[in-house]
Amino acid sequence: MQVMTKRKGRQRGEIDCDRGRTTTMNPNADIVGGACEEVVDILENIPSDTERRAVTDVERQRCIRLRRPASFTIFRSRQRPDEGVSEEEIASVVGEQAAGEEPEEKRRIGVLDNNDKDAIYNISTDEELNPLSNDYIGIIANYFSVGIMVGGSTSLLYPVLIVKGGASASLMTASYAIVMVFWSYKIIFGFLSDCFPIAGYKRKPYIVLGWLFCFGVLVCLALEGNDIDPRNLVIMLAIANMGYVWADVAADGFMVWVAHREPIEKRGKMQTLVYSMNKLGQIVINVLILFGFSGPLMNCPGYIPDPSVPCTNSQAVLNRVDKDLLASNPYGWCHELCSGATFDFDLEIPEFALSICFIIVTSIPLYLRLKEEKADAEPIGGFLQKFWSQLQRRAAWQVILYGMISHITFGVMNAAKMPANFVWLDLHTFQNQLMIIFEKFVFFIGLNLVRKYALNISWRKLVLVGSLFVLCFNSLYFLIIFDIWRDAWFYIFTDVSALFMYTLNFLASHACMVEVAEPGFEGISYSLITTASNAVSPLSAVVSYQLLAFFPLLNDQDSIKADTPEVRKQFASLHTIVIMLNLSSLLSLPLLPRQKKETREMVAKGETSAFWGRFVIMSVFIFLLYSSIATLVTVKYHDVYGCFKILGGGGCSAEESSMPAILLISAVLLYCYGTNFYLFYLPILRGEQRFSWRMFV
């Protein structure tokens, strides 16, 4: 008796289990297609035809490789012996995992058996550590000091540039990006910390050296005096930030090392604790800015405390002076308090810098007391080879790609909002700093609520809910644009509420980093992932002010203050574009693992791809180079090149084309949407995966 099996409609690219196969009851029957021998074995031992068909269907599915319609020949996978898995196979597995299905790769390998899960989920078998003990309290102190520097260097820009200097939207946005630029170079400091121990220690010496460097730059800033040029102030703050970023990277490695000792149910507590302390530090320094920079020197254009000095005749300053004040005292207006000054006293910039220096000096003894095990230095070549093998893991490059794509699209903002808040809402330093304090406080509360109640909720759900609420609150700005409700306190409420919901996004995008960073590579792994995310923050800023090139009325405070129908139309159009770009960040959610266990399972499966590893490295390098040059030129040479559309200006001449700005913005967005499409949505269109809304939750 012969049994012939026949498949109809065989797809190109499949392994046909039945082609040329004739099975008999003779055990020596020839079997064509060795990959499916188990099908024949099962058929020989099942007496029922119905059971034969059922089992054949099941086993046939296990033998089918990826289906690729002929029209997509450009995407055919090429098996590389040195990599083991093709890019198409990886895309398929990622798609299955994202859609909530059990990946074929997971079914094929047995690493996720129940008896192995403890070893997979618990990264370290060492005893859990108390971060508040004397041995590790220095880590907490470091993040508090980082918050002082982050909050101080960024919050100082609004009163100095917008309120006092009347800076353009593009200059303000670029200045913020320059101050934070060394966050994008954390990978360099992570490499130094992990690869070059000092006296046998990887963390403590770098923390201390970083803060001492920051201390030295702040002392130099204090010596510049209170009349320092705003652009030089921005550059010096950026250099000072390099020091504390150096310290922060070493502390990140320490933090990951401690977090690895937490059981999986509690893992995330250490991370949320240190970021809570970071926000607490920002609250403290913003309180100082609130009271120190709400006086006449910052908030009254052209103010001169010495009555013997004549008032300026600069038309740029006179345009920003209160008209009633100018009319009542045309010759002595610069010696009187304006309505924008909340207090009659001021804190000078040197005093502000020395205040931060005091906090740095008092914290150093805590860093020296940190308990750290000694480690031997590794050869650079061997260390980099091991790190490269770590980077090729799907768990690593997938998380990095998510951080980059989501931060680019969700980080684009309406660059015209800051000058508009000043001229439309009369948002002076006092109100702005009060808003920032509220923001940091609710962020601090949000982190602690998440730490207590939401550590094990799906990260995708947190990002989805947080993003939608943030965009809802941001949409309320249309009421301000069309003068339906222009009130500073209304704006403060919407902005603070949006930041509270952003807590969910922040936690989800950072929590997965601890799970991916492997022991022995804590510093460089964590810094690489954060570098990738931070590298695109200046890029988002560049895209934000390049969008102003298409809305020329929004780059200047005077034109926004005119509040014409055309200004409102351009503002509403820009705000709509920004919200749509932010909303599109949710398309990258399938790249984000759902939770800690799923991330550790991805690590345990060990899927690798040299292609995607190189892709990530090249992406980080190109974005970092592009954004750094663009922001530096915008700040340092704003008077010369600030008018160019590619830098957010309205154009240096009537003939200047907008095409360069269009091409650069399009290239950035094509990268984001193209990568997403290739990894997840192309397999769905090709029939290899099925669409599921579970991809986003």
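Glycine is treated like the rest: Cβ placed from N, Cα and C.
A TrEMBL annotation is a machine prediction, not a hand-curated record.
If you look up TrEMBL, you'll see 1-10 marked as compositional bias 'Basic residues'. Residues annotated as compositional bias 'Basic and acidic residues' in TrEMBL: 11-21. Residues or ranges marked as region 'Disordered' by TrEMBL: 1-22. Positions annotated as transmembrane segment by TrEMBL: 167-185, 206-223, 235-259, 280-298, 352-370, 395-413, 433-450, 462-482, 488-507, 528-551, 612-635, 661-685 (among others).
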Item to check | Paired segments the transmembrane segment (395-413) and the transmembrane segment (280-298) in contact, 3+ CB pairs under 8 A | outcome: no
Checklist entry - Between the transmembrane segment (280-298) and the transmembrane segment (352-370), are there at least three Cβ pairs closer than 8 Å, leaving out pairs fewer than 6 positions apart? => result yes
Checklist entry - How about the transmembrane segment (433-450) and the transmembrane segment (488-507): do they have 3 or more C-beta pairs under 8 A, pairs 6 or more apart in sequence? => result yes
Checklist entry - Among 235-259, 462-482, 528-551, 612-635, which stretch has the highest count of C-beta pairs below 8 Å with the transmembrane segment (167-185)? => result 528-551
Checklist entry - In terms of Cβ proximity under 8 Å, which residues at least six beyond the ends of the transmembrane segment (206-223) contact it? => result 138, 142, 145, 149, 189, 192-193, 198, 233, 236-237, 239-251, 254, 349-351, 353-354, 356-357, 360-361, 363-364, 367-368, 370
